[in-house]
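*Asks:* Got a structure for you, written out below as structure tokens; questions coming shortly.
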């Protein structure tokens with residue numbers, strides 16, 4: 001098939017030309033400019049020819065704390081991450097983010113999208129850490145939209161009446177292990193399953209494509 005006759009990927013028609021990519025970060029605190037980024041996972045999403053959203057491959061990087069980074073002990077206790085454990089095989093922020101961003105840029109092109117949009121559970125947290133790290137690492141080609149995100153905490157509150165990831169997953173019929181939680185890969189994959197489930201359920205219910213709606217005219221005074 002020639003490029004002229006090639007049909008655009010269905011994903012490019014679903015989210016205004018954006019490719020949703022699910023991201024979870026594990027950190028040494030809550031301040032993206034001061035506290036260390038320790039782990040990042042990105043889960044790719046795709047859409048089949050029938051328009052159903054599916055989870056794809058997962059990319060994970062362990063990250064070395066940047067020079068001068070703050071490490072809150074309470075955050076380390078919560079995640080169970082030892083930043084100095086050599087078995088982590090951690091890499092500097094620039095190398096780790098480059099390894100995460102590269103397949104995302106490739107997927108954006110393959111899905112005929114114009115850029116990626118970050119999906120996360122409480123997405124602002126992940127978005128802020130990704131962008132702060134990219135700025136420190138002087139990475140110019142950040143594939144993510146600079147401010148738009150899809151937040152599964154908000155979507156789950158609408159769909160299931162619960163904003164906690166573990167509880168929302170259980171209500172959605174997605175198995176969730178508290179023992180495996182707080183690993184970037186595990187949390188990102190569960191968030192991806194939750195996001196796909198909500199988007200697909202909305203489609204099943206007839207919410208997308210949106211039905212024609214007659215726009216009422218403003219009353220004339």
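The backbone N, Cα and C atoms fix where each Cβ goes, glycine too.
Per Swiss-Prot, the feature domain 'Exonuclease' maps to 21-195; the stated evidence is sequence analysis. Annotated Mg(2+) 2 binding site per Swiss-Prot: 24, 26, 182, 187, in sequence order, evidence recorded as sequence analysis. Residues annotated as Mg(2+) 1 binding site in Swiss-Prot: 24. Marked as site 'Important for substrate binding and specificity' by Swiss-Prot on the basis of sequence analysis: 30, 78, 125, 147. According to Swiss-Prot, the active site, proton donor/acceptor annotation covers 182.
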*Asks:* Residues other than 24, 26, 182, 187 within 8 Å, Cβ to Cβ centroid, of the Mg(2+) 2 site?
*Replies:* 25, 39, 41, 79, 181, 183, 184, 185, 186, 188
*Asks:* Going by DSSP, is residue 182 (Mg(2+) 2 binding site) sitting in a helix, a strand, or coil?
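*Replies:* Note: residue 182 (Mg(2+) 2 binding site) is coil by DSSP, not helix or strand.
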*Asks:* Neighbour count first, Cβ atoms within 10 Å, every protein chain included; then name which of 30, 78, 125 tops the list of recorded sites.
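*Replies:* Result for the most crowded candidate: 125.
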*Asks:* What three-state class does DSSP give residue 30 (site 'Important for substrate binding and specificity')?
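*Replies:* Looking at the DSSP assignment, residue 30 (site 'Important for substrate binding and specificity') belongs to neither helix nor strand, so coil.
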*Asks:* Between residue 125 (site 'Important for substrate binding and specificity') and residue 30 (site 'Important for substrate binding and specificity'), find the distance joining the two CA atoms and give it rounded to the nearest Å.
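*Replies:* Counting only the Cα atoms, the answer is 8 Å.
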*Asks:* Relative to the Cβ position of residue 147 (site 'Important for substrate binding and specificity'), how many further Cβ atoms are located within 10 Å?
*Replies:* 10
*Asks:* Sort the recorded sites 30, 78, 147 by C-alpha distance from residue 182 (Mg(2+) 2 binding site) and give me just the closest.
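*Replies:* Out of the listed candidates, the nearest Cα belongs to 78.
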